[in-house]
């Protein structure tokens, strides 16, 4: 490792105790944050995803060591603002007093305010967003995706937005953008079919009959798993059913499935189907954990409490890694450990987690998982899904559905009367994986690998943090007689990814319709949430600033019409 970091003075480096590795802290390491911010406050240390603790020195705040992790002393407003007047001085103090009284160490806001202070600009200004984009080490990746223009969208109003301008795309949580390289990938598959006919089954560049071999190394990196334990196949709910048919083996004493309240409908339908297929009533066999009254997200301690009380009766715990409605990231490691200690099988639906947050399926000891690839992994509408089965289950002898592709690859064409079932996740394959769908995932996975999950998480920390900062500054519910937007996603960055879920003081459908007219692409989920998810692979800080600017215009319109 080099002895200096850009914009920093190297102070030293110490070994992290094993407990830090076990925690797999999702907060980005200092090296990665430096690459995104290029300037951080004070002398401090953060756990590094490279296996060390790094101590960096800048200029305003002092460090306090607490065990193996060093925290920052809470700065006074004067220290944070730099005792400056003018632009970025009095105005920043005003906003600080409005919503920043409980400034926590190492929050995205802290780093963003300090960066703006160093640059001598207003943290809420477009100029600051442009500075952040200029210094973003991932900024060039945006050029590798097809960005829709306003004029190509069905809902835009040409009088309210420039038809030639790129839309403000905040919907990567629903459908990722198309990589330019996907076109060439698809062409290669089509050309191989056209030029080689049946020969395309075993001919490069992507043999149709062997295409499920491809992408495993890259996919394993994204989910934190041995490549042999992951595979591309089917759709998400199909995979969930296939896995549950094997891992949900109810007994008279242990027959329940634990899910989160307000789980994604398809997950719920699958769980209901599974318990009904085994002769149980959903109201008896489906156990739900809900947020406490007056809260929007589920506390880890409440999940653990259910496991302590009901663990002996729970056969499978199957939650969403990132909750689709609130954007809450569950503490997957802690929940998995507790559930397995209670004797439960543990599966995760990672639809909103894969490519969004750090995952460590092998280290956490997860039994099975499945996910779609068309959200943060950008494989296109209806793209193929992924599945994971822990290596310890390779010799597990439980019934599951089989097909031709469940065979071991080297005996598949022996055409035996009985299936020579492949070990682990490969035994769950049913049919030949479609190469046209695989090639689309590969196009995106290669970009992911080049960008690096560490750097993506580091940018996400700041990008979603910037969205949070602007939303609170302009639309905080504490602002008297002003339109408000409430963020229901956890403020703790260890409990979220890209997405912030918003509730408005104005009718949700009205706000969404007016945003769409102005070239903003985002989605809503009933009963009353708008999901905003800037993806670090292709979204910019200017996108976030433009979004909040347009949201402010829409709020003013709604306010005027309501008067």
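Glycine too: its Cβ is placed from the backbone N, Cα and C atoms.
What TrEMBL says about this one:
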type    : residues                                              : note
BINDING : 236, 237, 264, 265, 266, 267, 349, 352, 374, 404, 432 : pyridoxal 5'-phosphate binding site
MOD_RES : 375                                                   : N6-(pyridoxal phosphate)lysine
For residue 264 (pyridoxal 5'-phosphate binding site): intrachain residues, at least 6 apart, with Cβ closer than 8 Å: 320, 324, 349, 351
Residues satisfying Cβ distance under 8 Å from residue 432 (pyridoxal 5'-phosphate binding site), sequence separation of at least 6: 208, 209, 404, 405
Residues that sit under 8 angstroms from residue 266 (pyridoxal 5'-phosphate binding site) by C-beta distance, when 6+ apart in the chain: 236, 237, 240
Cβ neighbours of residue 236 (pyridoxal 5'-phosphate binding site) where a neighbour is any other Cβ within 10 Å: 24
